[in-house]
Every structure is written in structure tokens, then in C-alpha cells.
Amino acid sequence: MRTRNGGAKARLVTAWLTQFVVGTDLFVVSPLMPRLEQHFSVSAGAVGMTLTAFSLAYLVTAPLLGRLADRVGRRRVLVVSLLLFSVANVATALAPNYPLLVVARVVAGVAAAGTGPTVYALASATAPANRRATHLALVGSGLLSALWAGAPLGDVLGRHLGWQSVFAVLAFSTVLLAVANWRVWREVPVPSSSAEAAVGQRRGAGRPRGGPVLVVITALWALAVYLLYTFLGTELTSRGDSTAVPLTLVAYGVGAVTGSMLGGRLADRLGPARLATGSLLAAAVVEALAAWVFHLDRAWLFALVVLFFALAAYATFPAQQRRLFDRYPQSAGALMGWNNSALFCGISVAGAVGAPLSDALTFSGTLLIAAGIAALAAVASGVAGARAVAGAGAVAS
């Protein structure tokens, strides 16, 4: 029993560190932007394109690599992806010019696409059924921690040793993680289909018929969340309050990490479908409240509302992941890939339409639209949950 528990802890720690390092690689580009601009003699927009290149590469290849992992082995795809990720970071650090920097970031995006969904699928497969969402939330907190801890640490390292040192450290860390992942996932059980998966197999010869609906819900969730988050700094800075930005971002980070962890536990207790629907409804209500509070020009009150919004919103993601695994364990890698692609799709759309919406409707108007999107996602989640229950009943009968 002690060995088994020790192995479970080792897997969770390794998965958390993997998400933390990969997330840091993405988020650290933002604080390093001024140094990258100076080194390559390009504009901030050009450096921002490296983020776009990374995200698009991830979005396109994550479902493909997830499906490949389901076929040839998740551990194998994960380790190869981590080694490729290390090579991409070495190439980033040594890039002699801007075009090769972009190429290196594209390769990094492809490699990252082979790590995130696969780690989630492995964590799902090895978790006890009654703690699956909790384990997913723990692993996902590594990615969230990269936002508030990994990126700032990378910024400090870049200031003292140069931006290249950041990617060198990430490359070295990834090699160590490749070895660790190869060891800890050695005895991963093959998941068996659940009753809900059997419904999908009866209807579509093994194809996950309900999976796309759940993935669309994730995309709507991401759009609603990042219409608020992406432009927080810009909108608060425009007011001239120097304390509002860090206060609100800290509140958001605390709410996101706490919400994710709490959401995992509640999803295991109440059921992932019920928790996802409830948290989406709560997020819609609080986001609408944020639209009104933003007008009051009270930094502390808006930060408090943002904290509660992040708390509600981020409870959704581990519940969504558990829903996917519970229904389609045999296709978990592919569907986790689609789910992560939906996440990046929502983030990308929010970044593209957020500024024009705020210019036309004000930031408060944008938040009201985002609240409506969250409410739409809640309705879709409730319908999907009801259909799943009906399908399970049909199988039982």
C-alpha cells in the first residue's frame, strides 16, 4: 500500500512539474518581450507573433498527437514530445535571427501539444475513479502556477543572466522530466469503457458522439473567461490607478488556482456534469456583476469580484476533463487534445475580438457579452448532462 501511494504521489508531482515547465515556456515570453525586441531588432508585435505561432501550432496538432498517443502509447508520445520540447528550447536560445526564432517556437508549440493532453490522459487513467477530477485539478494547477510563479521567476533570471538562460534552464528541466515521466508511468493500466462510453459505441461504432459537444463547451468557457482576463491590464491602466493592475491580477490568480482545486474536489463529490453546469452559471452571474462594478471605479471592489469570478470559472475545467475521460476512456488522449485545442481557440478568439468589442461597447459591454457566453455554455452543459443520463439509462435497460 505504501509503495502504491508513493507511486501515485510521484506521478502527480511529475505531472504537475511537467505542466509547470511547459506553461512557463509559454507565459515567460510576455515579460521577456523587451529583451527579445532589442536582441532581434523587431517590434513588440513581431515578438507577439511568436506567441501566436506557438498557440496555432498547439491548437492544430494537439488532437492529432492525442489520437496518436491513444494508438501507440501515451507514455511514449509524452517522452518523445518532452525531448522535442527540449530541443525547441535550445533552438530558441541559440536562434541567430527572428525567422528561426519563430520556427523554434512553432516546434515548441507542436511538442507542447504532445505533452499537455497526454499528461491529463495518463493522470486520469491512474487516478481512483472517485478522485479523478481532484487529480486533474492538481495537475492543471501546475499550468496555472506557471502564470503567477514561473513567468515572474523567468523574468528575474532573464534580467540577471540574459533571456537565453531562461530557455536553457527550461531545456535542461525538460530532459529531466522526460526521464522522470518514463519512469513513473511505467505501469499505467489500460482503461476500460464506462457505461456512457458504451452508449457512444452503440450509436457510432465506437466514435465519441458526445465528445464534440463537450469540447465546444470548453471553447465557450475559454472565450468567456479570457474576454475578461486578456484586457484587464489595459483597461485598468487606462484609468491611471497604478495599484489596480497588480491587485486585480493577484486576485485573479488566487481565485483561479483555488477554484481549480475546489472544482476538482466538488466534481468528484457532486458529479462532473452537475459541477460544470453550476460553475458556468455562477461565472456568468459574477461576470455580469463585474461589468457593473467596473463602472464604480473602486479597485478593491472590482478585484474582489474578479477573485470570485475566477473561483467560479476555473472550477469548470477539471470537471470538463473528467466528463471526457469518464465517457470515453479509450479515446482520452484524442479528446483531451481536442479539449486543450478548444481552450487555445477560445483564448485566441478572445484576443482577436476583445479589443474591437471594448472600443465599440466599452469594457463593461464586453463583460456582459462574455457573461452571456458563459450562460450559453451552462445551458449546453446542462443539456449534454441530461442526454448522458438518458443514454446511460437506455444502456442499463
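The backbone N, Cα and C atoms fix where each Cβ goes, and this holds for glycine too.
The feature domain 'Major facilitator superfamily (MFS) profile' is assigned by TrEMBL to 11-389. What TrEMBL lists as transmembrane segment is 12-33, 45-65, 77-96, 102-123, 135-154, 166-185, 211-232, 244-263, 275-294, 300-317, 338-357, 363-384.
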Applying the under-8 angstroms CB criterion, which one of 12-33, 102-123, 135-154, 244-263, 300-317 scores highest with the transmembrane segment (211-232)?
300-317
Please determine whether the transmembrane segment (135-154) and the transmembrane segment (244-263) are in contact (criterion: at least three Cβ-Cβ distances under 8 Å, sequence separation 6 or more).
yes
Contacting positions for the transmembrane segment (102-123) when only residues 6+ beyond its ends and CB under 8 Å are counted:
11-12, 15, 18-19, 22, 25-26, 49-51, 53-62, 65-66, 69-70, 74-75, 77-78, 80-82, 84-85, 87-89, 91-92, 95, 135-136, 139-140, 143, 185, 188, 321, 325, 332-333, 336-337, 339-340
Is it the case that the transmembrane segment (12-33) and the transmembrane segment (244-263) have 3 or more CB pairs under 8 Å, with pairs at least 6 apart in sequence?
no
Output the single range from 166-185, 244-263, 338-357 maximising the number of Cβ pairs under 8 Å to the transmembrane segment (77-96).
166-185
Under an 8 Å Cβ to Cβ limit, what residues of the same chain, 6 or more beyond the ends of the transmembrane segment (166-185), are close to it?
7, 10-11, 14, 17-18, 21, 24-25, 28, 32, 74-75, 78-79, 82-83, 85-87, 89-90, 92-93, 122, 126, 154, 157-158
